[in-house]
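Novice: Can you read through this structure? Questions will come right after.
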Amino acid sequence: MMEGLLLSGVLFLTGLLFLLNGRFVRRNIIFSVFVPESETDNGAIASVKGQYRKQILMLAIAVALLFIVIYLFASHSAALLSFVVLLHVLIIGAIIIYKSAHDHLKAVKLIEEWMKDIKVVKATDTRLMTESTPLPNVLYVMQLIAFIAAFIFVALNYDNIPETIATHWNFEGIADDFSQKNFFSVFSPGLLGLAILLSLWASSKGTRFFNTTVNPAVKDASINFIKNSKLINSMMIHLISFTMTLLFILIFIRPVVYKDNYLPNGIMMMLIGMLLLITVACIYLQISEDKKYRQAVATTDKAPYYNEDHYIFGLFYYNPDDLNVWVPKLSEMGMTLNMARPMSWFISFILLGLPIAVLIVITIFS
């Protein structure tokens, strides 16, 4: 039951994260709509914000409660699969709500002609064009070699693995789900861990394609913010990748090493604690960078203009003339892909399609 409450809490907190999109960013952008300084106190904005927050809260509560019901009455494997499905339902639902707020506010902007008589000037800064990936790829190659070695080790010792093996442990490290020995039950932890590694590797490679748009009003602060954000994101992905690799290799080789259902005492809590610590620390660092950048922006009365025409729903970017693959959302809350680039479709499959396919296959055959 504790696991069910934890996963339900994860869904609820994930939903609450979307509330962060219902605020002004960089002084003059909300719901991916550029708002001139003279209109930031417009009553229509407060109305759209209030409706958005109410709908997001209702969605987060509904999804979290639905998962609790499924967890109580469905099998364990079905409950875990429903968690993945509900997580995607939550994200898709939040996107639909965000789109509604974006469309509503943009309609008000056009009707009231907020951009009338406003002059826009474009400029280019090339100082970030030669920036490379903050951390080397050899760190991922090391993990890939470790997985290959684990696959070889398990394959060579396949006959020594017991006919019944544990496939799930609670937070105390006690096995609570079992499966008969077969190819999928033995190799699925390694395959899932490898899929996660490749997904995180693709995410890390994606930091090279981050948009490097510089705020002309505060150039130096903007460049430092971009550089440090790349480093923090790359560092978080690397640390999470190492932790996940350690976890899945341990579970993968466990039937060969320990012969029974034993899992080293406290290992699950330690690794979960490491993941939480890494995530919280990197979020803190990113918020600190964001705060410093906002303070710099607040020192000037100039606000950069953002062209929102290439953003579908205010979230999905499509611009054949833009060579960037990763670009920031207009809200600056996270990144999106330029779907006019073939590499974007490949990254989408690696990040979303491949892990979901692996989870479904494992759930069906385990």
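Including glycine, each Cβ sits where the backbone N, Cα and C put it.
Okay, these came from TrEMBL:
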type	residues	note
TRANSMEM	6-25	transmembrane segment
TRANSMEM	56-74	transmembrane segment
TRANSMEM	80-98	transmembrane segment
TRANSMEM	137-156	transmembrane segment
DOMAIN	146-191	domain 'DUF1648'
TRANSMEM	183-202	transmembrane segment
TRANSMEM	235-254	transmembrane segment
TRANSMEM	266-285	transmembrane segment
TRANSMEM	343-365	transmembrane segment
Novice: Out of 56-74, 80-98, 137-156, 183-202, 235-254, which stretch has the largest tally of CB pairs under 8 angstroms to the transmembrane segment (6-25)?
Specialist: 56-74
Novice: For the domain 'DUF1648' (146-191), what are the DSSP-based totals of helix, strand and coil residues?
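Specialist: With helix first, then strand, then coil, the domain 'DUF1648' (146-191) has 23 helix, 12 strand, 11 coil.
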Novice: Per-residue pLDDT averaged over the domain 'DUF1648' (146-191) comes to what?
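Specialist: Mean pLDDT for the domain 'DUF1648' (146-191): 81.
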